[in-house]
Amino acid sequence: MEDTVVQSGKEMQENPQDVENGATAEHAENVKKVTKSVNPGVAGASKVSGPTNSRKIDSKSSSVLNSGFARSTISSSLRTSNSVPETRRNSTGGLPEKLSVSTTKQQNTTSTVAGKKATTSFASEPVRRSLPELRRSSLPSVATKPTSRSTLSETRKSVPVSPASRSLSTSTASDSSVLKTARKSTIKPALSVSPSLKKVASSSVDSTRSTASIKTASKISSPSARSPTVSSSLRAGSLSLSLDRSSNLSGRRRLATPESRDSRFVVLPQVEIKAGDNVRLDLRGHRVRSLKDSGLNLSPNLEFVYLRDNLLSTLEGVHILMRVKVLDLSFNEFKGPGFEPLENCKALQQLYLAGNQITSLASLPQLPNLEFLSVAQNKLKSLSMASQPRLQVLAASKNKISTLKGFPYLPVLEHLRVEENPILKMSHLEAASILLVGSTLKKFNDRDLSRDEVALAKCYPAQTALCIRQGFELCRPEHAADKTFRFLFDQWKNNFPPGYLLKEASIDKPFEEDTCHCHFVFIQESTLSTDSELVLKYQWFLGEKMLSNFTAIPDATGEVYWPKHGEIGKILKVECTPVVGEIEYPPVFAISSPVSRGSGIPKVVTLEVHGELVEGNVIKGEAEVAWCGGMPGKGVASWLRRRWNSSPVVIVGAEDEEYQLTIDDIDSSLVFMYTPVTEEGAKGEPQYKYTDFVKAAPPSISNVQIIGDMVEGNAIKGVGNYFGGREGPSKFKWLRENKDTGDFVLVSAGTAEYVLTKEDVGRRLAFVYIPINFEGQEGESVSTVSGTVKQAPPKVSNVKIIGDLKESSKITITGIVTGGTEGSSRVQWFKTKASTLDGEIGLEAMSTSKVAKAFRIPLGAVGYYVVAKYTPMTPDGESGEPAYVISERPVETLPPSLNFLSITGDYSEDGLLTASYGYIGGHEGRSMYNWYLHEIESDAGILIREVTGLLQYRVTKDAIGKFISFQCTPVRDDGTVGEPRSCMGQERIRPGSPRLLSLQIVGEAMEGTILHVEKNYWGGEEGQSVFRWFQTGSDGMQHEIKDAINSSYMLSVDDIGVYISVSCEPVRRDWARGPIVLSEQIGPIIPGPPTCQSLEFLGSMMEGQRLSFIASYSGGERGDCVHEWFRVKKNGMKEKLSTDEFVDLTLDDVGKNVELVFTPIRKDGMKGNPRSIISDLISPADPVGLDLVVPDCYENQEAVPQKKYFGGQEGLGEYTWYRAKTKLHGSALMDIASSSEDVLMCGKTLTYTPSLEDVGAYLALHWLPTRVDGRYGKPLVAISNSQVSPAPPVVSNVHVEKLDLGIYSGEGEYFGGYEGSSLFSWYRETNEGKIILIKGANSKTYEASDSDYNCCLLFGYTPVRSDSVVGELRLSEPTDIVLPELPRIDMLAVTGKAVEGEVLTAVEVIPKSETQQCVWNKYKKDVRYQWFYLLDAGDGKSLESLPGQQSCSYKVRFEDIGQCLRCECIVSDVFGRLSEPGYAETDPILPGFPRIDKLEIEGRGYHTNLYAVRGNYTGGKEGKSKIQWLRSMVGSPDLISIPGETGRMYEANVDDVGYRLVAIYTPIREDGTEGKPVSASTELIAVEPDVHKEVKQKLDLGSVKFEVLCDKDRNPKKVPGEGCLERRILEVNRKRVKVVKPGSKTSFPTTELRGSYAPPFHVETFRNDQRRFRIVVDNENEVDLLVHSRHLRDVIVLVIRGLAQRFNSTSLNSLLKIET
């Protein structure tokens, strides 16, 4: 097994790179090894052995820094090493020293235990754990205590190898150490911290500041050892130890230094393998010069190679180590470069190159598994190297690093160490390291990252890290953006296209699923000109970190990119390639900050409306939405209609993205409003898009048809679907067919309706529809032809139903028939629930179609409406359309009643009677039935409830001799109740003939048992039936038993062995007799059980007596009967006493009964029923006192005498205590009550507590025994053997009383003999619970001082008896906290005006007393305020607190107007107390002077957008404030008013281009008070991008033509429209403007207007018509023109103004942002 190698020593303090130089390389190999476990007790006594002729090994060095793994066993045989001929640096960083005498002594001492070996082990898991996990695991720490110097030698002799000691060495290691613990550990401490461990901690010495430390170092170092490694043969399996000379000393010394407090554990990556001899090579200190030496035996299987402290200068031959994981090349002679051979070591995890002469790492290849790299103590000037994808720890202390240029990409680096390098002079080096490494960095220079540096790193722009790697010097964050751009600019400037300079290169902060713009601005130098236009190409890239390799994003080649959800936290990069002509120049780039998670609130990026704005067309709104991290959902779309000079109105139902234009949209502008909504329901800001005005379609007609029946006399109508704006006076024509020629002749015009006449019968009609719109434009006509007109069929009218609408009534239908002579017309009757007709829906036929017109209403029609269907017919059989008529009301029913009622059946007992009746009056419901019994026919009768609701009645016994009646109350199904009707029975109910239905004997056939007769009689009321009992012997003969004539019979001795039967003759109450019935026999009769006939007590019922009994037996021969004695308590509970023939009565029996239970037992063992008797109450015996003893007595201890009593329950005896100065005997004692004056009575109870007066005297007790019933016995007297002793001195109820403010008195109750000079003291208890004696306070009173404030006082009372016996000190309970006088407020005043917007301030007045002044100055903590509303309640004032208003100042708000305010002030002192509140009230708050704050104009800066003014009004309730919109020219103080624009909203137009919009807001209060006007302005109004692009193109051309419309008839009364406009050509060039009327076939083009741009030339627009504009050449030449859209109007106006710019005060080109 291999031991863990620990490198420590004196240079752990001086050389913080000693762990970087490879000291822990072997440690990484051995952390996974498992050693043998031993008894913890044995492990605690283990020693460290060493050689006698080599250096002494400090036992303290055996504490391994890894607290989570097993200790390896230290071998008994340690290898020695020869001295080195030349002096050079070894792995400890020090020089060899001579061996001192003391060292030799220690070595000899250590060698005495060379044969002993002890090990401790811990189970370690072969599971890797990441650094953050290890960082979370806690390691044990041991507090050290200082010990004397004399313990140092003892410590050197014995070193405990407990886990706690190891953890101590770990926790006290220097902050420069990197290797502290292994990656994964399972800590199971087996030993506690031994005392010697504490001694080790006290022996730490500063090796650089004291003489003692120098001596200690000399004892530890060895002159011959280049490497402090002590090992035995590897093949023998012994251990090797790498020990530093004084690591524990320096480490423990640093435990008390401030630097050591911040030290933390740094974890090396774990190597998951157990090292065996075949995978491990350890040749440290063997002066190896080349890796190709034959003695090295390098093989591909090696995984752990230790070649430190050798003479290697090249890596040739290392390529064979393809499986090596740990490679230690520290302290050799490498100078670099030349690290290329390491490229073959793909499995390498830990590389140690410390202590060499390396100047560059540029040739170090990328090692895919490298996790730890130590390059400390070299000559590196930078850390430039290849990227190491898994490197976690980089130790580069003690080099010559002065720059971060070329810093590699290390994506998982966690620990970076660059101590003792020139670069430490660089300001904010830690922040620069954070920028270069990123969020994985956890420690910098072995310390946790500074929060300030982390925060500072976040302030730098994204490209800072890349610039630093390229050599940029870190500057202040506020200058970083500009300086990093200049830094990159200097690198790019030679590659820019000629004549161009880069002005900006940046990326907006990226958010998830939101637009991210890149900004690359190239400006052209004015001195140079290029013919080709500059074109920029973009390519977006994605990277994990700032310094990582960026990957191109496919298809991301635009100026805008939308980061995706999976790109959160990643970095975006844009490369911009400038192209001039066909030449592509080197790209420039910009880097973003990490992509942030979206807000989840979507927003609209662009909004467009597509489609032709003509009535009937379908237009579609399309929105480009940035979902900002939310789940894309369906947005809310709506369409609004906006007419001239009016606000937009929502179009109901238009909630889709597509919308079909209707007639209502003509001459209106539509607004498409879109609100993005995510699947989660988050809504974004709504956006809207205006369209141009909708045009009407040409008039047309479709679906022309004739509606109505083509029957003579009917009115028909021609209809059609008109389309094309508002319909005007369309034309209609009716034409009739000529039967001879087939032509159609006009018969009517001007109306769409026509009534068919007799002339039209047998002919067809044609209808012609000519559409004409509101402007008079005529469309194409459409016609349709009808069918042939028919003759009119018979028709009935004025149909009525005549008759009474009641059940069974007769009704008749009447009507007037037209259309020829009526023949056999048919009538059919229906019923329905509905009161109105809907054809034959819901009708239920009550009859077939008949000629008869009369009908009798059946019962089924009740509640229904009656419907008659009348079908008229001519005599020739032609039928007309049927006519329906419904009754005015539903059919009514008759009231419910009965037409007959009767009772039939047998009128005798048990007969069945049945009632029947006839019901009329609608549908019967739940009619009510009742049966009654009558004594006579005329009485009211008694209701028989059992048969209520039944039509049948079974006659019962109760009805005999009575009449029966039946009553029926008819009830209709709707709940209507009719008159009840009754029917009386024909005769009285007769009884039945008497008879027995059953007869039997009940009882046991045994002697002494009583037999009973059980029968079932029927036949009226039973009278005295006759019974006879019979015996039947074994011969079958039956004999009547004399005198046995009752219904019961007791079996006697004579009945044993015979059978018994009984006969019964039933007799009715009227003496009618029935047939005799004989029962079945029972038997034979058997003899009875054994029985106790009598039982009584013998003896006296008194306490102390003996009680017995006498019992008589029957029931066969007597056996061993059982007798049991019980004590019966008052609650009925029984307690068994004995089973003897007698019982002795005791005190427990007094007042209770004694019960004897006798159980007779026949000789054959049969038991009879037990019999018991209970005695009277046992009486007590006479009271007697048997014994009385008085014990020794002590003051204040209760004396309890010992006594014995007999004689019933003892009552409250009489006890009398006497105090005697001398001890009495004999008769004097018995007659103590009449003794001399030396005897005094002192008590009257059984027990007695001696008091102070009893001390020194004898106590005697006189006892008169008394029974509970008050009977007395003979008295007894006893006296104590000794005098009463005094109690020890004690004090109780020690407390403190407050006499006055700050004056206290201590009190207590003394006890224990006579008090002497007791001792008093006072104590002060602090808040921490510490009790401090107050010196000089030794009296009962005490006056508090300032030192007592915020403390409690305690009074101490030490009792002292008169004989100088001192008792125990007792302290009182602490008093309340001693506090000074509570601060008070004399009064509270409020300053300031009670006006809205003003600030009120509460000022408290301090009392003038000296005490209060002192309290306020010394002990006041703070003053709290709270403001309230003072409200009027019904019975007084109430308060309403104002949340958040808790300062002395209060700014009056709008909602306070009219309210009275109240301020409450409370003072708190440093002791946490609150004073009584002070109050101050204000008058009612008045409204302030009206004003407007934070006035601003919202809206985007284009000339087609809406703008809104918004501000915060104060000054009472706002009235009709004034708003005026104006324009402001750049560079001019003048404002141009915009007429009519006085609303909060303003829609910009082309006239606003180049101006700032100014809104002047004059606040006006509700009462008319006017405030000071306030203005706000926008930025310069720019041209909408689409218009701007088109205007620029036309201005570049210099000459352009537009097709416009001209209204020649300018009569204001005429309605404008397309029909009165004429086409014109508007020609515009750089010199003049011309309006030309185009030519035709008969005319040439003519110029109607021509003019130059010289003043007063100008172009006017119209706010009420966004398609019109006017060109004014002079006062006489002007023209009004019209175009089809606002967009075209704006383009024309801007082009004209742009070409006329030399006559303008402001260059339109600058307004349009057109470069000249």
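Using the three backbone atoms N, Cα and C, a Cβ is placed for every residue, glycine included.
Keep in mind that TrEMBL annotations are predicted by a computer and have not been checked by a curator.
Keep in mind that what you see is a predicted model, and the values were worked out from it rather than measured.
What TrEMBL records for 1-233 is region 'Disordered'.
Per TrEMBL, the feature compositional bias 'Polar residues' maps to 49-70 (among others).
Annotated compositional bias 'Low complexity' per TrEMBL: 71-83 (among others), in sequence order.
Annotated compositional bias 'Polar residues' per TrEMBL: 100-123 (among others), in sequence order.
Annotation source TrEMBL lists compositional bias 'Basic and acidic residues' at 126-136.
Annotation source TrEMBL lists compositional bias 'Polar residues' at 144-153 (among others).
If you look up TrEMBL, you'll see 160-179 (among others) marked as compositional bias 'Low complexity'.
Per TrEMBL, compositional bias 'Low complexity' is recorded for 200-213 (among others).
Here TrEMBL flags 221-233 (among others) as compositional bias 'Low complexity'.
If you look up TrEMBL, you'll see 506-588 (among others) marked as domain 'AIR9-like A9'. Secondary structure of the domain 'AIR9-like A9' (506-588) per DSSP (helix as H, G, I; strand as E, B; remaining residues coil): 3 helix, 39 strand, 41 coil.
Each residue in the domain 'AIR9-like A9' (604-689) has a pLDDT score, and their mean in this model is 89. Annotation comment: TrEMBL describes 604-689 (among others) as domain 'AIR9-like A9'.
Per TrEMBL, the feature domain 'AIR9-like A9' maps to 700-786 (among others).
What TrEMBL lists as domain 'AIR9-like A9' is 795-887 (among others).
Look at TrEMBL and you will find 898-984 (among others) tagged as domain 'AIR9-like A9'.
Using DSSP to sort the residues of the domain 'AIR9-like A9' (998-1076) gives these counts of helix, strand and coil: 3 helix, 40 strand, 36 coil. Positions annotated as domain 'AIR9-like A9' by TrEMBL: 998-1076 (among others).
Feature annotation from TrEMBL assigns domain 'AIR9-like A9' to 1092-1175 (among others). Secondary structure of the domain 'AIR9-like A9' (1092-1175) per DSSP (helix as H, G, I; strand as E, B; remaining residues coil): 3 helix, 47 strand, 34 coil.
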Summarise the domain 'AIR9-like A9' (700-786) as counts of helix, strand and coil residues per DSSP.
3 helix, 49 strand, 35 coil
Proximity verdict for the domain 'AIR9-like A9' (898-984) and the domain 'AIR9-like A9' (1092-1175), three or more C-beta pairs under 8 Å:
no
Among the ranges 795-887, 1492-1577, 1607-1703, the one whose Cβ pairs under 8 Å to the domain 'AIR9-like A9' (700-786) are most numerous:
1607-1703
